[in-house]
Amino acid sequence: MNMSRPSVHPVEAPPLTAHNAPRGRMKDIQGMPGTPGGLALRLCQFVFALVSLSVITTTSDFSSVTAFCYLVVAVSLQSLWSLSLAIVDIYAILVRRSLRNCRIVSCFTIGDGITSTLTFAAACASAGITVLIGNDLNKCSLNHCTRFETATAMAFISWFSVSPSFVLNFWSLASR
């Protein structure tokens with residue numbers, strides 16, 4: 001029996017042009033999910049949100065002002081979100097997993113965008129009420145102005161530490 005046998009002929013690769021050039025993967029930039037920098041940002045977000053929450057809830061009359069109630073809800077959500085993503089970052093670092101999956105990055109980006117917007121809005125509202133109480137009404141002796149200012153400042157610092165996470169996640173998502 002005469003069977004044909006396949007033969008392998010070497011084929012040259014076509015030259016690389018702008019249309020078929022391989023896309024390089026973006027390196028793990030510190031601050032992105034699954035990196036030590038990202039974990040540090042998440043822990044900063046969590047700590048500052050938790051400090052803001054602790055300071056505002058230790059005052060006896062925070063519940064009488066809607067902006068301070070909103071601050072409690074916003075920083076509570078921020079601290080839970082940041083803690084859960086810090087746990088995910090710790091896991092990714094320990095098992096050396098990359099968190100560059102499009103769905104994961106989309107979830108992180110949307111979550112960071114929502115929580116940062118809520119935290120910023122609550123901090124701005126609380127700052128407005130604090131200025132009203134302290135400067136316009138001159139009732140700091142009757143209220144806990146220092147605690148309100150501290151809680152508001154911690155909420156702003158938490159928002160400042162969420163912003164790089166959001167920008168890097170959004171940039172990672174947009175560069176795909």
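For all residues, glycine too, the Cβ spot is worked out from N, Cα and C.
Per TrEMBL, the feature domain 'Casparian strip membrane protein' maps to 34-160.
Summarising the annotation, TrEMBL assigns region 'Disordered' to 1-27.
The transmembrane segment annotation in TrEMBL covers 39-59 (among others).
Summarising the annotation, TrEMBL assigns transmembrane segment to 65-92 (among others).
Within its own chain, the transmembrane segment (104-133) has Cβ neighbours under 8 Å at 33, 49, 65, 67-68, 70-71, 73-75, 77-78, 81-82, 85, 139-140, 143, 145, 148-149, 151-152, 155-156, 158-159, 162-163, 165-166, 169-170, 172-173, counting only residues six or more beyond its boundaries. What TrEMBL records for 104-133 (among others) is transmembrane segment.
If you look up TrEMBL, you'll see 153-174 (among others) marked as transmembrane segment.
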The domain 'Casparian strip membrane protein' (34-160) - residue tally per DSSP class, helix then strand then coil:
105 helix, 0 strand, 22 coil
Restricting to the same chain and to residues at least six past its boundaries, which positions have a Cβ under 8 Å from a Cβ of the transmembrane segment (153-174)?
26, 29, 31-33, 38, 41-42, 44-45, 48-49, 51-52, 55, 71, 74-75, 78, 82, 100, 102, 105-106, 108-109, 112-113, 115-116, 119-120, 122-123, 126-127
